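Note sheet for the following structure.
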Amino acid sequence: GMGIPVGKLSLYTALGGVRPSACLPITLDVGTNNEELLNDEFYIGLRQRRVTGQEYADFLHEFMAAVKQNYGEKVLIQFEDFANHNAFDLLARYGTTHLVFNDDIQGTASVVLAGLVAALKLVGGTLAEHTYLFLGAGEAGTGIAELIALEMSRQTKTPIDECRKKIWLVDSKGLIVSTRKESLQHFKKPWAHEHEHVGNLLDAVNAIKPTVLIGTSGKGQTFTQEVVEAISSFNEMPIILALSNPTSQAECTAEQAYTWSKGRAVFATGSPFDPVEYNGKTHVPGQV
């Protein structure tokens, strides 16, 4: 609801110094398919089935044109909490004609990339010298992966398609590989590399041997002891980012990451965790 754009713009003002008079929170109500809400006499939203397809696209196009007409060419439009298929479509459609930004895809990615750059100061090597494995291939996972590839391409002057080959993603059906390409959603297709089918994360870790493991799955306890021990077996300092929120949905806890890696992991999360004492040393997890 309206609390989301109000909260986001409050951060623009409090942390970014943007004056409140330059900010406008907007909620686009295109209906709901929730029967309970449709039948609730106190529901204040649009009481109709959710608009989809061309009607939805036309409505968004009218909105985007009106915003630019009223506020000028340089108005920034932030997309927030759009469904995966709509989020990527809107960025692709309006990215060259409007100043647009999707926090779930691009905001998360920029913060994680900054965290990786900081982590490499501890671990060593460049972005291109590492191999990345994601658990989760939605907006956050693919957005982070794409920004890593873009920065890798910028640093090495290598085509981005080549850089993407250093980055692997696991979704609910296993490792994303070329044999699955026909059935994949469009935003997953750039990550479908040549490899045999791998059905789960542990097998993917052992097959790909990543140096960086990133969780954007939204499911807690998916970085199991076996997974952390596996990546720690071939990395002196594995980078492990358990980014899902809230803490109950983090792929693993700080204590688990440090204990199972014998204190060697470079670890950060999307939620706050307390420092961990392991083998006489205090480990302070990062937060991105």
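Numbers here mean position along the shown chain, with the first residue as 1.
Every residue gets a Cβ built from N, Cα and C, even glycine.
Taken verbatim from TrEMBL:
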BINDING   Glu80, Asp81, Asp104  divalent metal cation binding site
BINDING   Asn245  (S)-malate binding site
DOMAIN    1-95  domain 'Malic enzyme N-terminal'
DOMAIN    105-288  domain 'Malic enzyme NAD-binding'
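In this view, Asp81 (divalent metal cation binding site) is surrounded by 12 other Cβ atoms within 10 Å of its Cβ, with every protein chain counted.
Asp81 (divalent metal cation binding site) sits 14 Å from the residue listed as '(S)-malate binding site', counting Cα to Cα.
Counted within 10 Å of its Cβ, the other Cβ atoms near Asp104 (divalent metal cation binding site) come to 17, all protein chains included. Asp104 (divalent metal cation binding site) and Asn245 ((S)-malate binding site) are 13 Å apart (CA-CA, integer value). Per DSSP, the secondary structure of the domain 'Malic enzyme N-terminal' (1-95) breaks down as 51 helix, 4 strand, 40 coil. Counting other C-beta atoms within 10 Å of each candidate's C-beta, the binding-site residues Glu80, Asn245 are led by Glu80. Other residues of the same chain near the divalent metal cation site, with their Cβ within 8 Å of the Cβ centroid of Glu80, Asp81, Asp104, are Ile4, Phe79, Phe82, Ala87, Asn102, Asp103. Asp104 (divalent metal cation binding site) falls within a helix when secondary structure is assigned with DSSP.
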